[in-house]
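Student: One structure, as structure tokens, below. Some questions next.
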Amino acid sequence: MLYLIGLGLGDAKDITVKGLEVVRRCSRVYLEAYTSVLTVGKEALEEFYGRKLILADREEVEQEADNILKDADISDVAFLVVGDPFGATTHSDLVLRATKQGIPYRVIHNASIMNAVGCCGLQLYKFGETVSIVFWTDTWRPESFFDKVKKNRQNDMHTLCLLDIKVKEQSLENLIKGRKIYEPPRYMSVNQAAQQLLEIVQNQRKRGEEPAVTEETLCVGLARVGAEDQKIAAGTLQQMCTVELGEPLHSLIITGGSMHPLEMEMLSLFSIPENSESQSIDGF
């Protein structure tokens, strides 16, 4: 059996009891290590689970998935995913490969950023399509995702923005030369995401377009959701450029046009103080 097991969002103890029981009896246990990260490292997980973990990077999962599935038809293999197993489309591919090979699978779900964002007080059923914001480069500065933000705003829906994670990435030079040399991990902050969004807004104005989002649009920055030191900050997009939320992982919400009074009251708990250029916001 192939087991896909969600680990939740915080630390080693966020795995479910059912998930932990499966991990402890599997012959091999893989830890997916590129779509998200916990607040603790592999060693802390191994200590709590009582099992050695095999790190599975993007290349392993997407190009050498058969290694993960090897012997899963005659023994139990676990594939651990931060958050929920289906928070990333990559993992659907693993299920399809297993099915084609006649390997049965089972999913053990857990909390994901997709539903945990409700901690800020915005109602989950009022979210529209989720978007990803990637790190810009000198030659690649995509803006196409902004159309989805615009559509959500037109429908009075909030937009959850998942922020870029660069783990085990190669520089263009090393990629071309085939050198297995990797860049240090990078995690996009709310500040960086907000600055890129503001540049898109300015670009649209230069083109004579009316942007769906402005400097004064109400946004919510979240950091380390599910951890004991999670932080939430509600303020304008402009304020998101300077708010201090600390260590990764960060997420950003662009609110819809109109909000329920309860949503507004909840957001007031996390509002950035006025006249604050760079302000640390406490979580719960």
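Any Cβ shown, glycine's included, is placed from N, Cα and C.
Pulled these features from TrEMBL for this protein:
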{"type": "DOMAIN", "residues": "1-239", "note": "domain 'Tetrapyrrole methylase'"}
{"type": "BINDING", "residues": "Leu9, Asp84, Gly87, Ser112, Ile113, Leu163, Val225, His250", "note": "S-adenosyl-L-methionine binding site"}
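Have a look at these and tell me how they're positioned relative to everything else.
Tutor: Neighbour list (Leu9 (S-adenosyl-L-methionine binding site), Cβ cut-off 8 Å, at least 6 residues apart, same chain): Leu38, Val82, Gly83, Ala111, Ser112, Ile113, Ala116, Val225, Gly226, Ala227.
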Student: Which number gives the other C-beta atoms within 10 angstroms of the C-beta of Ile113 (S-adenosyl-L-methionine binding site), all protein chains shown included?
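Tutor: There are 20 of them.
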Student: Are there any residues in the same chain, six or more apart in sequence, whose C-beta is under 8 angstroms from the C-beta of Leu163 (S-adenosyl-L-methionine binding site), and if so which?
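Tutor: Same-chain residues close to Leu163 (S-adenosyl-L-methionine binding site) (Cβ under 8 Å, separated by 6 or more) are Ser132, Ile133, Tyr187, Met188, Ser189, Val190, Gln192, Ala193, Leu249, His250, Ser251, Leu252.
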